[in-house]
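Q: Reproduced below are the annotations present in TrEMBL:
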| type | residues | note |
| --- | --- | --- |
| COMPBIAS | 33-50 | compositional bias 'Basic and acidic residues' |
| COMPBIAS | 52-66 | compositional bias 'Low complexity' |
| DOMAIN | 136-184 | domain 'Galactokinase N-terminal' |
| DOMAIN | 224-307 | domain 'GHMP kinase N-terminal' |
| DOMAIN | 466-540 | domain 'GHMP kinase C-terminal' |
| REGION | 20-81 | region 'Disordered' |
| REGION | 93-123 | region 'Disordered' |
Amino acid sequence: MNSKQNSFKIRTVQINETSCSESLPGAHGLHCQRPDSHRGGEREREEREAQLLLLPLGSGSDSASGTGLTGYPRRGGTERASPGLSLALSLCGHSHSQAGKRDPDAGEGEAMASEAPPHEAVQTAETPRLMKLKAAFITKYGAPPSFYIRAPGRVNLIGEHIDYCGYAVLPMALEQDILAAVSPTQTEIIRLANTNPVYLDYNVHIKKIHIDRTNPQWHYYFLCGFKGIQEHFNLITPCGMNCMLDGTIPASSGLSSSSAMVCCAGLITTVVNQKALSKVELAEICAKCERYIGTEGGGMDQSISFLAEKGTAKLIEFNPLRATDVTLPSGAVFVIANSCVEMNKAATAHFNIRVVECRLAAKILAKSKGLKWKKLIKLRDVQTELGLSLEEMLSAVEEVLHPEPYSSEEVCQYLGINQKELVTSILSQNTQDVTSFKLHQRAKHVYSEAARVLKFKNICDHTPENAVQLVGKLMHQSHVSCKDLYQCSCPELDQLVDICMQSGAIGCRLTGAGWGGCTVSMVPTDKLEHFLAKVQEAFYKTDAQRAALQKQNLFATQPGGGATVYHEA
(Lines of atoms letter the chains of each structure in order from A and count residues from 1; the text may use other names and numbers.)
(Lines give C-alpha, C1' and ligand atoms only; values in the text may rest on other atoms or scores of the structure.)
Protein backbone atom coordinates (compact mmCIF):
# COMPACT_ATOMS: atom_id res chain seq x y z
CA MET A 1 0.00 0.00 0.00
CA ASN A 2 1.53 3.33 -1.00
CA SER A 3 1.44 6.59 0.92
CA LYS A 4 -1.55 7.93 -0.96
CA GLN A 5 -3.53 4.89 0.04
CA ASN A 6 -2.65 5.31 3.67
CA SER A 7 -1.65 8.69 5.03
CA PHE A 8 -0.37 7.14 8.25
CA LYS A 9 2.12 4.72 6.76
CA ILE A 10 5.59 5.86 7.74
CA ARG A 11 7.73 6.58 4.69
CA THR A 12 11.43 7.33 4.64
CA VAL A 13 12.11 10.64 2.92
CA GLN A 14 14.51 13.52 2.87
CA ILE A 15 13.26 16.98 3.73
CA ASN A 16 13.69 19.38 0.83
CA GLU A 17 16.84 21.38 1.36
CA THR A 18 15.79 24.14 -1.01
CA SER A 19 15.43 27.43 0.85
CA CYS A 20 14.99 31.01 -0.24
CA SER A 21 18.74 31.35 -0.41
CA GLU A 22 19.40 27.92 -1.93
CA SER A 23 16.89 27.65 -4.78
CA LEU A 24 18.18 26.34 -8.10
CA PRO A 25 16.14 28.47 -10.49
CA GLY A 26 17.09 26.70 -13.66
CA ALA A 27 16.13 23.26 -12.48
CA HIS A 28 12.37 23.33 -12.42
CA GLY A 29 10.03 22.93 -15.39
CA LEU A 30 6.30 22.51 -14.83
CA HIS A 31 5.00 19.90 -17.26
CA CYS A 32 1.74 18.43 -18.43
CA GLN A 33 0.88 16.07 -21.25
CA ARG A 34 -0.66 17.60 -24.34
CA PRO A 35 -2.17 14.93 -26.61
CA ASP A 36 -1.58 15.35 -30.33
CA SER A 37 -5.31 14.92 -30.84
CA HIS A 38 -5.82 18.36 -29.31
CA ARG A 39 -3.80 19.99 -32.07
CA GLY A 40 -5.32 21.23 -35.26
CA GLY A 41 -5.25 23.95 -37.85
CA GLU A 42 -5.14 27.63 -37.08
CA ARG A 43 -8.90 28.02 -37.31
CA GLU A 44 -9.50 25.09 -34.94
CA ARG A 45 -7.00 26.59 -32.50
CA GLU A 46 -8.78 29.94 -32.61
CA GLU A 47 -12.13 28.25 -32.01
CA ARG A 48 -10.75 26.41 -28.98
CA GLU A 49 -9.24 29.62 -27.63
CA ALA A 50 -12.57 31.38 -27.98
CA GLN A 51 -14.27 28.57 -26.09
CA LEU A 52 -11.69 28.73 -23.32
CA LEU A 53 -11.97 32.47 -22.87
CA LEU A 54 -15.75 32.67 -23.23
CA LEU A 55 -16.80 29.64 -21.21
CA PRO A 56 -19.91 29.95 -19.02
CA LEU A 57 -18.84 31.41 -15.71
CA GLY A 58 -21.88 30.98 -13.56
CA SER A 59 -21.08 27.50 -12.35
CA GLY A 60 -18.30 26.09 -10.23
CA SER A 61 -15.73 23.50 -11.17
CA ASP A 62 -16.33 19.80 -11.53
CA SER A 63 -14.06 18.89 -8.65
CA ALA A 64 -14.83 16.01 -6.37
CA SER A 65 -16.66 16.99 -3.24
CA GLY A 66 -17.17 15.43 0.11
CA THR A 67 -15.20 15.31 3.30
CA GLY A 68 -14.68 12.77 6.02
CA LEU A 69 -13.14 12.36 9.44
CA THR A 70 -10.18 10.42 10.67
CA GLY A 71 -9.49 10.53 14.39
CA TYR A 72 -7.00 9.61 17.09
CA PRO A 73 -8.21 8.06 20.33
CA ARG A 74 -9.32 10.67 22.83
CA ARG A 75 -8.08 10.94 26.37
CA GLY A 76 -10.51 10.92 29.28
CA GLY A 77 -12.07 13.89 31.02
CA THR A 78 -14.47 16.44 29.59
CA GLU A 79 -12.67 16.93 26.30
CA ARG A 80 -14.95 16.71 23.26
CA ALA A 81 -14.42 13.51 21.32
CA SER A 82 -14.20 13.50 17.53
CA PRO A 83 -15.58 10.55 15.56
CA GLY A 84 -13.22 8.53 13.44
CA LEU A 85 -10.80 5.68 13.37
CA SER A 86 -8.70 4.77 16.38
CA LEU A 87 -5.03 5.12 15.76
CA ALA A 88 -1.85 5.78 17.64
CA LEU A 89 1.00 8.14 17.17
CA SER A 90 4.27 6.27 17.00
CA LEU A 91 5.93 9.62 17.63
CA CYS A 92 4.42 9.72 21.11
CA GLY A 93 5.12 6.08 21.93
CA HIS A 94 1.64 4.64 21.41
CA SER A 95 0.84 1.34 19.73
CA HIS A 96 -0.46 0.89 16.21
CA SER A 97 -4.10 0.18 15.40
CA GLN A 98 -6.05 -0.18 12.19
CA ALA A 99 -5.81 3.53 11.48
CA GLY A 100 -5.47 4.68 7.94
CA LYS A 101 -7.67 1.98 6.38
CA ARG A 102 -10.08 3.51 3.94
CA ASP A 103 -13.75 2.81 3.61
CA PRO A 104 -13.92 0.77 0.38
CA ASP A 105 -17.20 2.52 -0.44
CA ALA A 106 -15.70 6.00 -0.15
CA GLY A 107 -14.82 7.89 -3.31
CA GLU A 108 -11.27 9.03 -4.03
CA GLY A 109 -12.08 12.68 -3.31
CA GLU A 110 -13.79 11.85 -0.03
CA ALA A 111 -10.98 9.54 1.06
CA MET A 112 -8.28 12.09 0.27
CA ALA A 113 -10.19 14.81 2.12
CA SER A 114 -10.54 12.61 5.20
CA GLU A 115 -6.84 11.84 5.49
CA ALA A 116 -4.77 13.39 8.23
CA PRO A 117 -1.44 14.99 7.29
CA PRO A 118 1.09 12.26 6.48
CA HIS A 119 3.64 10.90 8.95
CA GLU A 120 7.03 10.21 7.39
CA ALA A 121 10.39 8.97 8.62
CA VAL A 122 13.40 11.11 7.82
CA GLN A 123 17.17 10.57 7.87
CA THR A 124 18.37 13.62 9.79
CA ALA A 125 22.03 12.74 9.19
CA GLU A 126 21.45 13.16 5.46
CA THR A 127 19.61 16.47 5.81
CA PRO A 128 21.82 19.41 6.84
CA ARG A 129 18.90 21.69 7.64
CA LEU A 130 17.37 19.16 10.02
CA MET A 131 20.75 18.49 11.59
CA LYS A 132 21.15 22.20 12.33
CA LEU A 133 17.62 22.44 13.70
CA LYS A 134 18.13 19.37 15.89
CA ALA A 135 21.43 20.77 17.21
CA ALA A 136 19.79 24.10 18.01
CA PHE A 137 16.98 22.28 19.82
CA ILE A 138 19.42 20.25 21.92
CA THR A 139 21.44 23.36 22.77
CA LYS A 140 18.29 25.15 23.86
CA TYR A 141 16.42 22.41 25.69
CA GLY A 142 19.07 19.82 26.60
CA ALA A 143 17.54 16.83 24.80
CA PRO A 144 16.68 15.89 21.21
CA PRO A 145 13.21 16.63 19.81
CA SER A 146 10.49 13.97 19.65
CA PHE A 147 9.37 14.86 16.12
CA TYR A 148 9.43 17.53 13.42
CA ILE A 149 6.65 19.29 11.56
CA ARG A 150 6.75 21.16 8.27
CA ALA A 151 4.13 23.60 6.92
CA PRO A 152 4.77 25.24 3.53
CA GLY A 153 4.23 28.76 2.29
CA ARG A 154 2.30 29.33 -0.90
CA VAL A 155 2.14 31.42 -4.03
CA ASN A 156 -1.26 32.28 -5.41
CA LEU A 157 -1.11 31.98 -9.19
CA ILE A 158 -4.45 33.72 -9.72
CA GLY A 159 -7.50 34.61 -7.64
CA GLU A 160 -6.43 37.49 -5.41
CA HIS A 161 -8.65 38.77 -2.60
CA ILE A 162 -11.59 36.59 -3.56
CA ASP A 163 -11.35 33.66 -1.14
CA TYR A 164 -13.01 35.68 1.63
CA CYS A 165 -15.75 36.55 -0.86
CA GLY A 166 -16.50 32.84 -1.31
CA TYR A 167 -14.77 32.24 -4.64
CA ALA A 168 -12.28 29.61 -5.74
CA VAL A 169 -8.57 30.42 -5.91
CA LEU A 170 -5.63 28.73 -7.60
CA PRO A 171 -2.46 28.55 -5.47
CA MET A 172 0.40 26.12 -5.18
CA ALA A 173 2.48 25.31 -2.12
CA LEU A 174 6.09 26.43 -2.12
CA GLU A 175 9.18 24.44 -1.29
CA GLN A 176 9.89 27.21 1.25
CA ASP A 177 8.37 26.46 4.64
CA ILE A 178 8.21 26.68 8.42
CA LEU A 179 10.01 23.70 9.99
CA ALA A 180 9.67 22.94 13.69
CA ALA A 181 11.42 20.57 16.08
CA VAL A 182 9.12 19.66 18.96
CA SER A 183 8.94 17.75 22.22
CA PRO A 184 5.87 17.45 24.47
CA THR A 185 6.53 18.29 28.12
CA GLN A 186 4.86 17.52 31.43
CA THR A 187 4.67 21.23 32.20
CA GLU A 188 1.93 23.67 31.26
CA ILE A 189 4.41 25.95 29.51
CA ILE A 190 4.79 26.64 25.80
CA ARG A 191 8.44 27.42 25.07
CA LEU A 192 9.19 28.86 21.65
CA ALA A 193 12.59 29.59 20.13
CA ASN A 194 13.70 30.46 16.61
CA THR A 195 16.90 29.76 14.72
CA ASN A 196 16.74 33.34 13.45
CA PRO A 197 17.99 35.62 16.26
CA VAL A 198 15.72 38.40 15.02
CA TYR A 199 12.81 36.45 16.54
CA LEU A 200 13.23 36.41 20.31
CA ASP A 201 12.41 33.46 22.58
CA TYR A 202 8.93 33.39 24.07
CA ASN A 203 7.53 31.38 26.99
CA VAL A 204 3.93 31.41 28.17
CA HIS A 205 1.73 29.41 30.54
CA ILE A 206 -1.11 27.68 28.71
CA LYS A 207 -3.68 29.41 30.93
CA LYS A 208 -2.22 32.88 30.39
CA ILE A 209 -2.25 33.09 26.61
CA HIS A 210 -2.93 36.58 25.28
CA ILE A 211 -2.76 37.54 21.60
CA ASP A 212 -2.17 41.25 21.07
CA ARG A 213 -3.65 42.08 17.68
CA THR A 214 -2.29 45.64 17.88
CA ASN A 215 1.31 44.38 17.95
CA PRO A 216 1.53 41.18 15.86
CA GLN A 217 4.76 39.46 16.89
CA TRP A 218 5.91 36.13 15.42
CA HIS A 219 4.95 34.08 18.46
CA TYR A 220 1.35 35.33 18.40
CA TYR A 221 0.80 33.50 15.11
CA PHE A 222 1.95 30.30 16.81
CA LEU A 223 -0.44 30.97 19.68
CA CYS A 224 -3.31 31.40 17.20
CA GLY A 225 -2.79 27.84 16.00
CA PHE A 226 -2.43 26.52 19.53
CA LYS A 227 -5.58 28.29 20.72
CA GLY A 228 -7.61 27.09 17.73
CA ILE A 229 -6.89 23.42 18.47
CA GLN A 230 -7.31 23.92 22.21
CA GLU A 231 -10.78 25.36 21.71
CA HIS A 232 -11.79 22.82 19.07
CA PHE A 233 -11.16 19.89 21.42
CA ASN A 234 -12.08 21.80 24.59
CA LEU A 235 -8.68 20.96 26.05
CA ILE A 236 -8.80 22.03 29.68
CA THR A 237 -5.15 21.18 30.36
CA PRO A 238 -3.38 20.93 27.00
CA CYS A 239 0.10 19.53 26.87
CA GLY A 240 3.07 21.86 27.23
CA MET A 241 5.83 21.79 24.65
CA ASN A 242 9.33 22.85 23.68
CA CYS A 243 9.65 24.11 20.11
CA MET A 244 12.49 25.32 17.92
CA LEU A 245 11.37 26.87 14.64
CA ASP A 246 13.17 27.56 11.39
CA GLY A 247 11.70 29.40 8.42
CA THR A 248 12.72 29.82 4.79
CA ILE A 249 9.71 31.90 3.70
CA PRO A 250 10.61 35.60 3.41
CA ALA A 251 8.64 37.49 6.08
CA SER A 252 5.87 39.89 5.02
CA SER A 253 6.43 38.92 1.40
CA GLY A 254 2.95 37.78 0.41
CA LEU A 255 4.03 34.12 0.47
CA SER A 256 2.02 33.27 3.58
CA SER A 257 4.73 32.92 6.20
CA SER A 258 2.26 33.92 8.92
CA SER A 259 -0.37 31.37 7.91
CA ALA A 260 2.31 28.69 7.59
CA MET A 261 3.24 29.43 11.21
CA VAL A 262 -0.41 29.12 12.29
CA CYS A 263 -0.77 25.82 10.42
CA CYS A 264 2.48 24.49 11.83
CA ALA A 265 1.35 25.35 15.36
CA GLY A 266 -2.08 23.82 14.83
CA LEU A 267 -0.60 20.53 13.66
CA ILE A 268 1.97 20.54 16.49
CA THR A 269 -0.76 21.07 19.07
CA THR A 270 -2.82 18.24 17.58
CA VAL A 271 0.12 15.82 17.73
CA VAL A 272 1.39 16.64 21.23
CA ASN A 273 -2.14 16.26 22.62
CA GLN A 274 -2.63 12.90 20.84
CA LYS A 275 -5.57 14.12 18.78
CA ALA A 276 -6.29 13.83 15.09
CA LEU A 277 -7.99 15.89 12.44
CA SER A 278 -8.26 15.56 8.69
CA LYS A 279 -6.43 17.97 6.45
CA VAL A 280 -9.71 19.72 5.70
CA GLU A 281 -10.58 20.10 9.38
CA LEU A 282 -7.13 21.45 10.19
CA ALA A 283 -7.34 23.96 7.35
CA GLU A 284 -10.75 25.19 8.46
CA ILE A 285 -9.71 25.51 12.11
CA CYS A 286 -6.48 27.33 11.26
CA ALA A 287 -8.30 29.72 8.92
CA LYS A 288 -10.67 30.67 11.72
CA CYS A 289 -8.11 30.91 14.49
CA GLU A 290 -5.78 33.20 12.52
CA ARG A 291 -8.50 35.81 12.99
CA TYR A 292 -7.47 36.00 16.65
CA ILE A 293 -4.65 38.26 15.49
CA GLY A 294 -7.02 40.48 13.50
CA THR A 295 -6.73 39.14 9.95
CA GLU A 296 -10.09 38.72 8.20
CA GLY A 297 -8.80 36.18 5.67
CA GLY A 298 -10.77 33.66 3.66
CA GLY A 299 -8.95 30.35 4.09
CA MET A 300 -6.83 29.96 0.96
CA ASP A 301 -3.47 30.08 2.73
CA GLN A 302 -4.32 27.47 5.33
CA SER A 303 -6.08 25.22 2.81
CA ILE A 304 -3.15 24.95 0.42
CA SER A 305 -0.71 24.50 3.32
CA PHE A 306 -2.53 21.29 4.31
CA LEU A 307 -4.05 20.08 1.02
CA ALA A 308 -1.09 20.67 -1.31
CA GLU A 309 0.51 17.80 -3.21
CA LYS A 310 3.94 17.88 -4.77
CA GLY A 311 3.95 18.55 -8.50
CA THR A 312 0.51 20.11 -8.87
CA ALA A 313 -1.24 23.39 -8.23
CA LYS A 314 -4.71 23.27 -6.67
CA LEU A 315 -8.07 24.83 -7.34
CA ILE A 316 -9.28 25.53 -3.81
CA GLU A 317 -13.04 25.88 -3.40
CA PHE A 318 -14.98 26.75 -0.27
CA ASN A 319 -18.28 25.72 1.36
CA PRO A 320 -17.48 22.88 1.32
CA LEU A 321 -13.71 23.13 1.29
CA ARG A 322 -12.25 20.98 -1.48
CA ALA A 323 -9.13 20.89 -3.62
CA THR A 324 -8.74 19.83 -7.25
CA ASP A 325 -5.43 19.13 -9.00
CA VAL A 326 -4.45 21.62 -11.70
CA THR A 327 -1.60 20.52 -13.98
CA LEU A 328 0.25 23.63 -15.10
CA PRO A 329 1.19 24.23 -18.75
CA SER A 330 4.46 22.76 -19.97
CA GLY A 331 7.29 24.88 -21.26
CA ALA A 332 7.27 27.46 -18.48
CA VAL A 333 8.41 27.96 -14.90
CA PHE A 334 7.05 30.22 -12.19
CA VAL A 335 9.47 32.73 -10.70
CA ILE A 336 9.00 34.59 -7.42
CA ALA A 337 10.45 38.10 -7.13
CA ASN A 338 10.27 40.06 -3.89
CA SER A 339 9.65 43.81 -4.09
CA CYS A 340 11.38 44.09 -0.69
CA VAL A 341 8.49 46.20 0.57
CA GLU A 342 7.12 44.53 3.68
CA MET A 343 3.42 44.61 4.45
CA ASN A 344 2.18 43.02 7.66
CA LYS A 345 -1.48 42.54 6.78
CA ALA A 346 -2.55 42.21 10.41
CA ALA A 347 -0.86 45.48 11.38
CA THR A 348 -2.63 47.64 8.83
CA ALA A 349 -6.26 48.36 8.09
CA HIS A 350 -5.80 48.06 4.30
CA PHE A 351 -6.55 44.35 4.13
CA ASN A 352 -9.51 44.42 6.49
CA ILE A 353 -10.99 47.51 4.82
CA ARG A 354 -11.17 45.53 1.57
CA VAL A 355 -12.99 42.72 3.37
CA VAL A 356 -15.54 45.20 4.73
CA GLU A 357 -15.94 46.94 1.36
CA CYS A 358 -16.78 43.60 -0.26
CA ARG A 359 -19.23 42.87 2.55
CA LEU A 360 -20.97 46.22 2.07
CA ALA A 361 -21.06 45.76 -1.71
CA ALA A 362 -22.71 42.37 -1.21
CA LYS A 363 -25.37 43.82 1.07
CA ILE A 364 -26.22 46.75 -1.20
CA LEU A 365 -26.35 44.50 -4.27
CA ALA A 366 -28.56 42.08 -2.35
CA LYS A 367 -30.98 44.77 -1.18
CA SER A 368 -31.19 46.28 -4.67
CA LYS A 369 -32.32 42.88 -5.98
CA GLY A 370 -34.91 42.32 -3.26
CA LEU A 371 -32.94 39.69 -1.34
CA LYS A 372 -32.80 39.29 2.44
CA TRP A 373 -29.60 41.28 2.60
CA LYS A 374 -28.96 41.07 6.34
CA LYS A 375 -28.07 37.37 6.16
CA LEU A 376 -25.85 37.75 3.08
CA ILE A 377 -22.20 38.50 3.76
CA LYS A 378 -20.21 37.45 0.69
CA LEU A 379 -20.41 38.50 -2.94
CA ARG A 380 -20.63 34.81 -3.87
CA ASP A 381 -23.74 34.52 -1.67
CA VAL A 382 -25.46 37.21 -3.75
CA GLN A 383 -24.63 35.45 -7.01
CA THR A 384 -25.89 32.15 -5.63
CA GLU A 385 -29.17 33.65 -4.43
CA LEU A 386 -29.76 35.39 -7.76
CA GLY A 387 -28.70 32.40 -9.85
CA LEU A 388 -26.74 34.62 -12.22
CA SER A 389 -23.50 34.11 -14.12
CA LEU A 390 -20.36 36.08 -13.31
CA GLU A 391 -20.88 38.19 -16.43
CA GLU A 392 -24.39 39.01 -15.23
CA MET A 393 -23.05 39.92 -11.79
CA LEU A 394 -20.60 42.33 -13.44
CA SER A 395 -23.55 43.92 -15.22
CA ALA A 396 -25.36 44.20 -11.88
CA VAL A 397 -22.34 45.97 -10.39
CA GLU A 398 -22.45 48.55 -13.19
CA GLU A 399 -26.21 48.95 -12.74
CA VAL A 400 -26.34 49.25 -8.95
CA LEU A 401 -23.04 50.55 -7.57
CA HIS A 402 -21.70 53.97 -8.51
CA PRO A 403 -17.93 54.47 -9.02
CA GLU A 404 -17.70 57.32 -6.52
CA PRO A 405 -16.80 56.35 -2.94
CA TYR A 406 -19.72 55.68 -0.61
CA SER A 407 -19.80 57.56 2.68
CA SER A 408 -20.87 55.72 5.81
CA GLU A 409 -23.95 57.96 5.88
CA GLU A 410 -24.90 56.91 2.34
CA VAL A 411 -24.45 53.24 3.21
CA CYS A 412 -26.64 53.62 6.29
CA GLN A 413 -29.31 55.46 4.33
CA TYR A 414 -29.43 52.85 1.57
CA LEU A 415 -29.58 49.92 3.99
CA GLY A 416 -31.96 51.67 6.38
CA ILE A 417 -29.70 51.32 9.41
CA ASN A 418 -28.05 53.76 11.79
CA GLN A 419 -24.35 54.38 12.34
CA LYS A 420 -24.28 52.20 15.44
CA GLU A 421 -25.72 49.23 13.54
CA LEU A 422 -23.16 49.72 10.78
CA VAL A 423 -20.30 49.69 13.26
CA THR A 424 -21.48 46.80 15.40
CA SER A 425 -23.04 44.54 12.76
CA ILE A 426 -21.01 45.01 9.58
CA LEU A 427 -17.67 46.70 10.20
CA SER A 428 -14.82 44.78 11.83
CA GLN A 429 -13.06 45.91 14.99
CA ASN A 430 -10.18 47.57 13.19
CA THR A 431 -12.29 49.26 10.49
CA GLN A 432 -14.80 51.05 12.68
CA ASP A 433 -13.25 54.45 12.00
CA VAL A 434 -13.42 54.08 8.21
CA THR A 435 -15.92 56.48 6.62
CA SER A 436 -15.38 56.03 2.86
CA PHE A 437 -15.86 52.84 0.83
CA LYS A 438 -15.15 52.05 -2.84
CA LEU A 439 -17.80 49.41 -3.45
CA HIS A 440 -18.06 49.48 -7.25
CA GLN A 441 -14.34 48.92 -7.79
CA ARG A 442 -14.02 46.15 -5.20
CA ALA A 443 -17.02 44.17 -6.45
CA LYS A 444 -15.94 44.55 -10.07
CA HIS A 445 -12.51 43.14 -9.22
CA VAL A 446 -13.95 40.19 -7.30
CA TYR A 447 -16.37 39.05 -9.99
CA SER A 448 -13.87 39.52 -12.84
CA GLU A 449 -11.08 37.81 -10.88
CA ALA A 450 -13.37 34.87 -10.08
CA ALA A 451 -13.97 34.53 -13.82
CA ARG A 452 -10.23 34.58 -14.52
CA VAL A 453 -9.67 31.71 -12.08
CA LEU A 454 -12.15 29.50 -13.93
CA LYS A 455 -10.63 30.45 -17.29
CA PHE A 456 -7.13 29.66 -15.96
CA LYS A 457 -8.19 26.20 -14.83
CA ASN A 458 -10.08 25.53 -18.05
CA ILE A 459 -7.00 26.37 -20.10
CA CYS A 460 -4.87 24.04 -17.97
CA ASP A 461 -7.44 21.27 -18.34
CA HIS A 462 -7.69 21.53 -22.13
CA THR A 463 -4.05 22.53 -22.89
CA PRO A 464 -4.36 24.33 -26.22
CA GLU A 465 -1.07 24.88 -28.05
CA ASN A 466 -0.87 28.46 -26.81
CA ALA A 467 -1.83 27.62 -23.22
CA VAL A 468 1.20 29.42 -21.80
CA GLN A 469 0.30 32.63 -23.62
CA LEU A 470 -3.35 32.42 -22.57
CA VAL A 471 -2.48 31.86 -18.92
CA GLY A 472 0.09 34.66 -19.04
CA LYS A 473 -2.54 37.03 -20.40
CA LEU A 474 -4.89 36.19 -17.53
CA MET A 475 -2.11 36.79 -15.00
CA HIS A 476 -1.43 40.23 -16.46
CA GLN A 477 -5.14 41.09 -16.44
CA SER A 478 -5.25 40.05 -12.80
CA HIS A 479 -2.46 42.45 -11.86
CA VAL A 480 -4.11 45.34 -13.66
CA SER A 481 -7.32 44.64 -11.75
CA CYS A 482 -5.48 44.41 -8.43
CA LYS A 483 -3.71 47.69 -9.19
CA ASP A 484 -6.58 49.75 -10.59
CA LEU A 485 -9.74 48.30 -9.03
CA TYR A 486 -8.65 46.74 -5.75
CA GLN A 487 -5.79 49.19 -5.23
CA CYS A 488 -3.66 46.65 -3.37
CA SER A 489 -0.44 47.20 -5.29
CA CYS A 490 2.33 49.72 -4.62
CA PRO A 491 4.86 51.60 -6.81
CA GLU A 492 7.62 49.06 -6.19
CA LEU A 493 5.36 46.14 -7.14
CA ASP A 494 4.22 47.91 -10.30
CA GLN A 495 7.83 48.67 -11.21
CA LEU A 496 8.81 45.04 -10.62
CA VAL A 497 5.91 43.75 -12.74
CA ASP A 498 6.97 46.05 -15.59
CA ILE A 499 10.60 44.90 -15.32
CA CYS A 500 9.57 41.24 -15.29
CA MET A 501 7.42 41.68 -18.38
CA GLN A 502 10.22 43.56 -20.16
CA SER A 503 12.66 40.81 -19.15
CA GLY A 504 10.71 38.07 -20.90
CA ALA A 505 7.85 37.01 -18.60
CA ILE A 506 4.72 35.88 -20.44
CA GLY A 507 2.60 36.98 -17.50
CA CYS A 508 3.30 38.63 -14.16
CA ARG A 509 1.22 39.76 -11.23
CA LEU A 510 1.43 40.60 -7.57
CA THR A 511 0.72 37.64 -5.32
CA GLY A 512 -0.59 37.63 -1.78
CA ALA A 513 -2.35 40.48 -0.03
CA GLY A 514 -0.35 43.11 -1.89
CA TRP A 515 0.79 46.56 -0.72
CA GLY A 516 4.27 45.07 -0.95
CA GLY A 517 5.57 41.53 -1.03
CA CYS A 518 6.15 39.46 -4.14
CA THR A 519 5.30 39.06 -7.78
CA VAL A 520 4.90 35.75 -9.59
CA SER A 521 5.99 35.52 -13.22
CA MET A 522 5.39 32.84 -15.82
CA VAL A 523 8.64 32.49 -17.78
CA PRO A 524 9.49 30.22 -20.74
CA THR A 525 11.83 27.51 -19.50
CA ASP A 526 14.42 28.25 -22.17
CA LYS A 527 14.42 31.96 -21.27
CA LEU A 528 14.78 31.52 -17.51
CA GLU A 529 18.47 32.35 -17.10
CA HIS A 530 18.11 35.42 -19.32
CA PHE A 531 15.05 36.50 -17.33
CA LEU A 532 16.81 36.16 -13.97
CA ALA A 533 19.83 38.12 -15.15
CA LYS A 534 17.71 40.94 -16.53
CA VAL A 535 15.58 41.27 -13.38
CA GLN A 536 18.68 41.18 -11.18
CA GLU A 537 20.27 43.97 -13.20
CA ALA A 538 17.19 46.18 -13.51
CA PHE A 539 15.64 45.82 -10.05
CA TYR A 540 17.96 44.31 -7.45
CA LYS A 541 21.39 45.68 -8.36
CA THR A 542 20.06 49.25 -8.37
CA ASP A 543 19.50 49.08 -4.61
CA ALA A 544 22.13 47.94 -2.09
CA GLN A 545 19.61 46.45 0.34
CA ARG A 546 17.86 44.49 -2.41
CA ALA A 547 21.17 43.33 -3.85
CA ALA A 548 22.32 41.96 -0.48
CA LEU A 549 19.31 39.62 -0.30
CA GLN A 550 19.02 38.89 -4.01
CA LYS A 551 19.26 35.09 -3.76
CA GLN A 552 16.35 34.78 -1.35
CA ASN A 553 14.31 37.41 -3.18
CA LEU A 554 14.42 36.01 -6.72
CA PHE A 555 13.94 32.29 -7.35
CA ALA A 556 12.06 29.78 -9.47
CA THR A 557 9.88 27.27 -7.67
CA GLN A 558 7.76 24.22 -8.32
CA PRO A 559 4.60 22.98 -6.57
CA GLY A 560 5.52 21.54 -3.17
CA GLY A 561 3.78 19.17 -0.78
CA GLY A 562 1.54 19.97 2.17
CA ALA A 563 2.04 19.94 5.93
CA THR A 564 3.80 16.81 7.19
CA VAL A 565 4.87 15.19 10.47
CA TYR A 566 8.41 13.74 10.44
CA HIS A 567 10.23 11.52 12.89
CA GLU A 568 13.75 10.18 12.82
CA ALA A 569 14.18 6.84 11.09
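Glycine is no exception: its Cβ is also placed from the backbone N, Cα and C atoms.
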Q: How many of the residues that make up the domain 'GHMP kinase C-terminal' (466-540) does DSSP mark as helix, as strand and as coil?
A: 46 helix, 12 strand, 17 coil
Q: For the domain 'Galactokinase N-terminal' (136-184), give the DSSP counts of helix residues, strand residues and coil residues.
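A: The counts are 9 helix, 28 strand, 12 coil.
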Q: Please average pLDDT over the domain 'GHMP kinase N-terminal' (224-307) for the predicted structure.
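A: Averaging the confidence scores along the domain 'GHMP kinase N-terminal' (224-307) gives 94.
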